[in-house]
Amino acid sequence: MGETAAANNHRHHHHHGHQVFDVASHDFVPPQPAFKCFDDDGRLKRTGTVWTASAHIITAVIGSGVLSLAWAIAQLGWIAGPAVMLLFSLVTLYSSTLLSDCYRTGDAVSGKRNYTYMDAVRSILGGFKFKICGLIQYLNLFGIAIGYTIAASISMMAIKRSNCFHKSGGKDPCHMSSNPYMIVFGVAEILLSQVPDFDQIWWISIVAAVMSFTYSAIGLALGIVQVAANGVFKGSLTGISIGTVTQTQKIWRTFQALGDIAFAYSYSVVLIEIQDTVRSPPAESKTMKKATKISIAVTTIFYMLCGSMGYAAFGDAAPGNLLTGFGFYNPFWLLDIANAAIVVHLVGAYQVFAQPIFAFIEKSVAERYPDNDFLSKEFEIRIPGFKSPYKVNVFRMVYRSGFVVTTTVISMLMPFFNDVVGILGALGFWPLTVYFPVEMYIKQRKVEKWSTRWVCLQMLSVACLVISVVAGVGSIAGVMLDLKVYKPFKSTY
């Protein structure tokens with residue numbers, strides 16, 4: 001899900017090179033003759049098709065969420081695990097269908113376009129809900145930055161450990177602290193945070209997509225190889241047995257597994273941005289509905305394979321993060337490639353999620369203190385080899401670095417990949433994937449209160465709220481249990 005970059009870049013590139021036509025981001029659009037190269041909102045003609053949209057969605061979905069799926073299925077077992085995944089995919093499919101009707105406010109063919117998820121909420125549901133949606137979305141982005149810091153440091157350590165195991169022939173347990181690796185990742189992100197519009201560099205999304213497919217495919221392949229070597233499918237129908245874990249742990253872990261699976265499917269936020277790259281006619285929503293069906297089918301099959309093979313390979317001992325659980329020591333170079341791919345992917349994906357927060361903070365501050373020199377003054381520094389000087393703004397430098405330091409410190413305080421992923425999945429799933437799309441659809445299509453359709457939509461929403469709450473509680477309980485055993489800043493693996 002980290003590769004939302006793909007969608008973003010595509011969108012930004014519509015108008016970054018063509019500042020002249022960037023009228024749509026303001027409120028007025030001069031009347032224009034129907035040129036062949038522009039759309040009805042004065043932006044350059046969109047060229048996306050069902051296939052480009054599907055590709056964007058697939059790259060936006062398949063990401064670090066894959067890594068915890070085997071663990072999630074291990075908590076739920078062979079019956080409930082795949083069933084829950086199927087359920088999430090169906091809910092996501094349905095809510096994506098509702099969302100695709102919200103790209104244009106009012107009329108599906110000629111209504112005003114909404115360029116992002118937040119635009120749609122603002123224009124359909126109004127100011128108050130827009131603020132709440134923003135709060136949840138920025139919290140989610142902040143949480144993802146923390147989750148990615150943890151995941152990246154775990155993968156860096158995994159490379160170090162696998163080489164250490166290899167050297168000592170498996171005799172040395174190779175315990176180490178994750179802190180130095182989090183700090184290295186943090187320093188890299190502080191530097192990248194200073195690059196303006198980093199999330200709009202076109203090749204980032206391609207790199208992210210290639211990397212996530214690399215490590216997902218390696219994880220899948222190693223799972224299949226391990227199953228073949230074992231000669232049996234491990235695991236049980238009801239998941240991890242009581243005895244291995246206590247009764248209460250089993251309940252918490254089951255709840256947390258729901259959050260982990262929800263996280264793997266949480267990408268509805270980028271759907272409208274992807275829809276904004278699609279050409280019309282036919283109506284964008286039609287193309288998008290096809291694309292959603294294709295991409296959700298592909299990702300669900302892929303997730304089922306990764307999760308099931310991981311569980312079949314390790315049974316109840318399935319690691320929380322498939323590639324770093326050390327179920328595989330050999331071929332160690334292949335594991336290193338997979339973990340390096342994760343790190344490269346997360347370094348870029350961190351920025352894709354952090355930059356919108358930066359943009360939001362900068363905009364809010366500029367509106368509040370328009371005349372403050374400290375906030376707006378830029379110093380130019382000439383960098384040898386670069387044509388244009390680099391502009392330094394003290395405020396930007398200070399608070400962006402502060403943001404990265406905050407996420408790094410929180411990661412060191414609670415470096416539990418699964419728990420954090422579960423919390424994020426729970427936080428984002430109900431409001432962003434279900435509640436807002438349902439509310440927007442009801443408002444858009446003027447669904448009558450207490451009509452059958454209205455009641456069904458509200459029941460779906462309430463059911464998903466319950467799942468979100470349960471997953472959140474389970475994950476928070478997981479953090480509490482982990483913190484009993486773990487001393488902050490002293491984590492070892």
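Placed from the backbone N, Cα and C atoms, the Cβ positions cover glycine too.
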Can you tell me if Swiss-Prot, going by its topological domain labels, places K45 on the same membrane side as D197? yes
Mean per-residue pLDDT in the topological domain 'Cytoplasmic' (441-458) works out to 93
If contact means at least 3 Cβ pairs within less than 8 Å, sequence distance 6 or more, would you call the transmembrane segment (71-91) and the transmembrane segment (201-221) in contact? no
Could you tell me what the rest of the chain brings near the topological domain 'Cytoplasmic' (441-458), counting residues at least six beyond its ends with Cβ under 8 Å? 98-99, 101-102, 105-106, 124-125
Taking 3+ C-beta pairs under 8 angstroms (sequence gap of 6 or more) as contact, is the transmembrane segment (139-159) in contact with the transmembrane segment (420-440)? yes
Segment proximity, the transmembrane segment (341-361) to the transmembrane segment (176-196), 3 or more C-beta pairs under 8 Å: yes
Counting only CB pairs under 8 A, let me know which of 254-274, 294-314, 341-361, 397-417, 459-479 has the most with the transmembrane segment (50-70). 294-314
The transmembrane segment (294-314) and the transmembrane segment (397-417) contact flag, 3+ Cβ pairs under 8 angstroms: no
DSSP helix, strand and coil counts for the topological domain 'Cytoplasmic' (275-293)? 11 helix, 1 strand, 7 coil
